[in-house]
Amino acid sequence: MLIGHALGAEDAQRGDYIVLLESAPLASRESFRSSLRASRAQRRDGDGSEAMAAVAGAFAGGDAAFEDDADLLQSHIATFEAVVGAGAGQRAGPEDGSRAAAAAAASDGGGGEAGPPGGPSITHHYTAALNGFAAAGLSPSQAADLSGQPGVRSVARARAVEVTTYSTPGFLGLSGKGQLWDKAFKGPANAGRVLIGVIDSGIDPRHPSFGAAPSGSGPLPSPGPGPGACGEPGTCTAGKLLACRSFSAGQVASGRCPLDPADLATCTDSFGHGTPSASIAAGKSVPAYFEGISRGNMSGMAPGAMVAAYKVFWKCGESGALVGVDTDVLAAIDAAVKDGVDVLNLSLAGKYATAYTWEDSMIDALRGAASAGVFVSVAAGNAPLGCLTSAAPWVATVAGGTHARPWDTDDTRSDSPQWWGGSCAGPAPADGYAMLKPDVMAPAAGVFAAMPSKVVPGGDSGKHLSGTSFAAPHVSGIAALLMDAHRDWSPAAVKSALMTTARTVTAGGKPLRGNPFLFGAGAVDATAAMDPGLLYDLSPAEYDLYVCTATQKGAWSKRYTQSKNAAPRRPDACAALCGGGGEGGPCAYPQGLRDFNLPSFMLPGLRPGRGAASAARTVTYVGAPGGARFTARLQLPAGFAGAVAPAELAFSKPGDTAAFTLTVEAEKGLNLQKGSWHFGELVWVDAGGRYSVRSPVVLGYGRTPKPPRPEKSTAG
């Protein structure tokens, strides 16, 4: 029997919605973030059994945060029942996996008796990364009524989402004698002792890649109370898998596809997408078998890391295709934040707005995660040009590249890495082309990774896979290494280190083919990222400032101000977020989004005689204790002139900061194709020659830039 239902004429008018409230989520509160930092520190030091037990379904934010969580849940129910009717808010179960969700489901919440089965219901509560809820079965008039309720920020239709290695550790300079695992962590078992969350199609807990717990990690918790906490009894107590949760209420409520009850009953991976993603990020070193032949050992990027798996994709009917909806993904993000993950991997894609609007719940949830100290790695997507779906400045958007494979008959190692032709390319029009996307490039073509035993032939441990879905977990694992080695670094600092040290040449020393719209800042270099010299850092307050600038300063096109599936953006929403700042006030960058402290520069709309464009930045010194002096080296394409002021930066000790401004203009007489893009770079070089802190500089000529056509890729 398959779970689902046919849609009648009346049902077709009803739909599933994401309702966001104006009051801030837990991630915006310093008390919650402080509790998460303490929990993470305990877990990383190896003596935090209580902190790890929190991952098994309690609450990493502590009792005070639990009380705040419960208050938010009750506000969700009150808002929902004001429109739908008393008792309707109690139809939701505690799938969200928190104590407060379970308590709210068990209480009457002031709502009286539950409404009739099958009516509108709350399928998920969001309190950590977002403040809001997912509602199923709403009529258009009910959705409109909800959007007008006091304290409601937006009401948007739910949307579908899609899913988008034994040689790569060596190729990336991690494994082998004297390489990064040995030098920085004294062996692979200790490399990246943090918690990586993987939101995907589940995981095979019994695969050898996840078998043994990292040394010194303390006792592992029992499975949590949520549905599908573990696929089989005891599977979360045998290895490095700390949590395994399922989120299906949104998909079931949507009725878009009949689901297999056997698949719904477990968080294990029967398809083969979540398992390889998790193994690339955090798999331990185990023998690799392919086509019945031993191929040496396979390992993830951070073999010392622990894993929390969140299943949001499900098999659809007899076709077996993977399906998912954003309401379930949002619930998984929210749960991961509460679980205290350090890194979050999303190898998925969806159709999200191309500018920051208040109904962009996915972008907003990832902002909440980043504010809570979570590094987020998102796949760029697999499709033609201009298909990027993760244009958020607080995440790392990862393009796909090639890599050397030692069994290839043709030696292509010296020509790697290169951009993989199936990877999405920029530019991203988000917020008026405010940011370079993708951010970095990682292996995506022919990556060997673990697969569930039900998917591969007997005896094989994995298979070769291609797609940006498998590029993102490379960056997730490398980010785990950086967060373990530099425990005071923020997610933005980690992203900065990855971008400013990325390689723009192949192993043979030749420049990468193409431009930053294909590979971002370049191919990730884990060893160089460990010691970047300078960081472009960002705080949660600056994320808020970005949002208010994007929605108040006209950096976005009017055609993006609201989605056809959403209620209009409330004009007072940004003022509520920032405490009352208005146009040009304390809640907006004076020069617009180009002053947002990213480790890359996007300056669109340059034309002769129209004046210069500038971008301000602040860097933090994280080099040797003796300090250093850096000199700017600016390289711009022909027809553009620019300067950096000041051109030298001096630091006396780690933690010192310095500000500078990059100014660029189109020279007189320049006549280029309107909408064309041109590429340069800014490199800060220290006097001792130890650091080259590189940032891409992307210049747009004319008013309406269009995506460039890349050189044809030779990648497989």
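The backbone N, Cα and C atoms fix where each Cβ goes, glycine too.
Whatever TrEMBL says is automated annotation, not expert-curated.
Look at TrEMBL and you will find Asp200, His273, Ser469 tagged as active site, charge relay system. Positions annotated as compositional bias 'Low complexity' by TrEMBL: 208-219. As annotated by TrEMBL, domain 'Inhibitor I9' applies to 120-162. Residues annotated as domain 'Peptidase S8/S53' in TrEMBL: 194-511. Taken from TrEMBL, the feature domain 'Subtilisin-like protease fibronectin type-III' covers 595-698. TrEMBL lists 88-123, 206-229 with the feature region 'Disordered'.
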Assigned element (helix, strand, coil) containing Ser469 (active site, charge relay system), judged by DSSP: helix
Number of Cβ atoms other than its own within 10 Å, given for Ser469 (active site, charge relay system): 30
Within the domain 'Inhibitor I9' (120-162), residues counted as helix, strand or coil by DSSP: 8 helix, 22 strand, 13 coil
Intrachain C-beta neighbours of Asp200 (active site, charge relay system), sequence separation six or more, cut-off 8 angstroms: Val163, Asp269, His273, Gly274, Ser277, Ala278, Ala309, Tyr310, Lys311, Val312, Phe313, Asn345, Ser347, Leu348
CB contacts for His273 (active site, charge relay system) [other CB atoms within 10 A, all chains]: 25
Mean predicted confidence [pLDDT] for the domain 'Peptidase S8/S53' (194-511): 78
Secondary structure composition of the domain 'Subtilisin-like protease fibronectin type-III' (595-698) [DSSP: H/G/I, E/B, coil]: 1 helix, 61 strand, 42 coil
Per DSSP, three-state class assigned to His273 (active site, charge relay system): coil
